[in-house]
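Here is the structure we will look at.
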Amino acid sequence: MRSNNVVQELADKKTGVSKRVKIIIAIAAIIVIGTCAFGGYRYSNASTFAKGVRIDGVDVSGLNLEDAIDKVTAENNSFTIAEDGHETKEVKTSFTYDIKASMRVKMGLASIDPRVIFCKNVNYDVTLKKKSGIEKSADAISAAVPDAQGVKYTEDAYIDYNSMTLVPEVQGDSVDFKKIAKEIADKKAADYKFTKYKMDRKKLISEPKVTADSLKDEFEFAKQYLSKPIYLNNITGTPYEIEPNALAKVILYSKTGPKYSQTGAQEIAKEIADKYAGSSLKVKTLAGYKILGNHALKINVNVDKTAESILNAAKSGEAGSIVTDQGAASAGGSHIEINLSGQSVRYVKNGNVVFTSSMVSGGPGHRTRTGIFKINAKQRNATLKGRNDDGTDYESPVSYWMPFDGGNGLHDAPWRGAFGGGIYLSGGSHGCVNMPPAMAAQLYNMIPVGTIVYVYS
């Protein structure tokens, strides 16, 4: 009996110990799980760097991710360039680094790192892999340690499509500053502490990257496909010329034949839209091309449709169109030309001169303004009113009134006995264009309201 009691006591003790062990394990598990959960929460919800944290030696305490990236980037763009026999130069580069993902990880890690909690001043290494900035950095390096005066610059071979010339490469003795920028960026990526670059000009001479030999096939292609410009019809009445140098953005060389670039066509269309949105336009007149202030043609170029037209014109070799949104005034191949130097009025209809007359334009102090205008109205038997230079008022009845620039316009001037020549130099009008009555009547009956007017010297 005693033996059985002893066995039972031992069994009970073992059961008690087992229960206590299980309780301890359960408590420990709860603590571990809780700690992990809390740590995971802190890790994933960290919004700023903890106090005392450094990234590549840069203090980012209390900074959010974007501000920390900016600070690390800024403080890792300062270098010195040392060259034998020359003064050491400081350079501020413009590298951007691909560090956002790595720094986000470090921010989370710092929120649960015991070293940060108890020791402070913890540094995390982040690889400063260059993302961009080679071009700007090369410019900064060039400004700090420039080529010597009289240096012969290395140049790549290229094709001048406008003159259809293959221009050969030039081997010079200028420094390849992009190479220096790339070397600095690579050394920085390998070691964030790198700040001093030793320069040996003889090993950094720029070499042509494109040679004439490498362009021979492309040159033959250019002579076949890019020897002529293409033209775009538009509302100014003056075809817009896309020269071969620009057309080369659309018609691309390949060994199997031309490839056509939608991107290139879009770029040219955007350039056209920017030009036409400006305050002046280049127009073709009977006296040649003129750049005139634009006071009449409201031109909102539809870039997408114009790009499509450019692409089709490049493929076909036929004229395309500059497509504009509705509501724009249009020269449409028909317009009036007022030549102030020649003292003449001409009406161009569908590309042909159908009317010519002599005239007298504005005199001293009242010169007729040059630019692009439109006939705003037509009125029979109007009375023009204004003030003379001596302060007296005048009233001039006219039979044919065609205003195009505020109070200035084309009209008959029956009080004049002569027109043309140099009359306007001393006996000109108050800004209007005076015409012989019969010619004013003829023009009045030929043109509609809205007709575009080019006034030029």
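Each residue, glycine too, has its Cβ placed from N, Cα and C.
Unlike curated entries, TrEMBL annotations are predicted automatically.
Copied over from TrEMBL:
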type: TRANSMEM; residues: 21-41; note: transmembrane segment
type: DOMAIN; residues: 334-456; note: domain 'L,D-TPase catalytic'
type: ACT_SITE; residues: His411; note: active site, proton donor/acceptor
type: ACT_SITE; residues: Cys432; note: active site, nucleophile
DSSP three-state assignment for Cys432 (active site, nucleophile): coil
All-chain count of other Cβ atoms within 10 Å of the residue listed as 'active site, proton donor/acceptor': 23
Cys432 (active site, nucleophile), number of other Cβ atoms within 10 Å: 28
Separation of alpha carbons, His411 (active site, proton donor/acceptor) and the residue listed as 'active site, nucleophile' (Å): 8
Confidence summary (mean pLDDT) of the domain 'L,D-TPase catalytic' (334-456): 93
For the domain 'L,D-TPase catalytic' (334-456), residues assigned helix / strand / coil by DSSP: 15 helix, 60 strand, 48 coil
